[in-house]
């Protein structure tokens with residue numbers, strides 16, 4: 001195969017709607033350009049610096065064909081490795097290189113992987129409201145659109161605060177009460193099952209808001225409502241407690257969106273402590289490690305449900321879909337409808353049809369960035385208060 005030299009790399013941040021989205025663009029001497037997602041929306045400038053100041057000079061002049069070698073070099077070149085900034089930066093380049101290779105092969109990405117194992121991937125979306133009436137309205141809307149899986153949240157992560165008794169002059173932050181959250185969420189499950197029966201599968205994201213003993217109690221209480229899965233019931237630092245949950249509840253568990261390092265998921269998969277791996281593809285370094293992780297999970301009966309939130313470019317979401325139609329153990333894909341500005345910046349962003357997402361048949365990933373449109377939505381940064389989650393006594397808790 002003829003050498004295809006990398007001639008330029010650019011990192012672009014744009015904020016068409018709520019989130020700062022990061023795209024890496026790799027140009028080659030063949031004239032083929034690739035696009036990849038590097039979104040770490042809480043630290044976008046750090047990722048851009050990593051790409052512009054470190055990866056770009058490292059990669060200019062290298063052969064874009066050698067994706068595996070370039071990935072390994074990017075990961076170890078700084079000596080320190082497997083952190084969210086470097087992984088997202090590497091991911092942007094890695095996805096772009098796969099995009100280039102698929103375009104040169106004149107194949108959609110999933111065909112380059114080895115073809116499809118399914119026609120389409122089932123999707124779930126988010127229904128969130130501070131009241132049950134508002135939640136019912138959203139569920140009804142999504143059922144009409146053909147969704148069979150809906151993530152239901154009463155209020156933001158941690159629930160709807162109700163007369164929280166804080167300390168005097170409380171420290172600034174986003175307060176919630178864990179006992180209120182458990183009680184209200186269990187009641188939410190009960191109400192949804194009473195109203196809808198088994199018309200759809202309920203998913204729920206705890207978002208690591210509980211202590212381990214509370215997580216055990218919560219899992220036991222919601223088990224009777226047969227959730228499709230409970231997500232992030234514990235933070236990554238407390239995964240040893242998953243055995244305790246497994247011993248007391250059969251509720252399906254999904255975990256992984258915060259993982260960066262293979263050591264964070266290997267034992268969970270080998271010991272079958274989770275039913276679904278929820279890794280964020282750019283957070284683990286892109287397509288190259290995601291394919292390896294998917295096949296590793298298959299050996300142990302663990303299914304794939306990649307993290308796919310709104311703070312991800314449609315390029316990254318399209319990569320998830322290509323992975324999902326290829327990997328036999330893919331279970332479901334998260335999806336939140338794109339707003340008009342995002343669709344303008346990322347033409348061809350896919351939307352579900354009757355509860356399913358279909359992989360693009362265009363050569364490559366199938367979604368690119370309109371660089372001119374992206375300039376209309378410059379990056380904005382402010383400290384996030386929702387990640388300053390606090391318990392009533394004022395102590396910080398994992399967000």
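Placed from the backbone N, Cα and C atoms, the Cβ positions cover glycine too.
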According to Swiss-Prot, which candidate in 183, 187, 334 joins 207, 257, 278, 307 at the D-arabinonate site: 334
Matching residue for the Mg(2+) site, where Swiss-Prot names 205, 257 - out of 223, 231, 298: 231
Length of the line joining the Cα atoms of residue 278 (D-arabinonate binding site) and residue 231 (Mg(2+) binding site), in Å: 8
Among 207, 257, 278, 307, 334, the record's D-arabinonate binders - longest CA distance, Å: 15
C-alpha spacing of residue 307 (D-arabinonate binding site) relative to residue 257 (Mg(2+) binding site), in angstrom: 6
Cβ neighbours of residue 231 (Mg(2+) binding site) where a neighbour is any other Cβ within 10 Å: 24
Sparsest Cβ surroundings (other CB atoms within 10 Å) among the binding-site residues 207, 278, 307: 207
Under 8 Å by Cβ from residue 205 (Mg(2+) binding site), counting only residues of that chain that are 6 or more apart: 151, 153, 157, 230, 231, 232
Neighbours of 205, 231, 257 excl. site residues, C-beta within 8 Å of centre, Mg(2+): 206, 207, 232, 254, 255, 278, 307
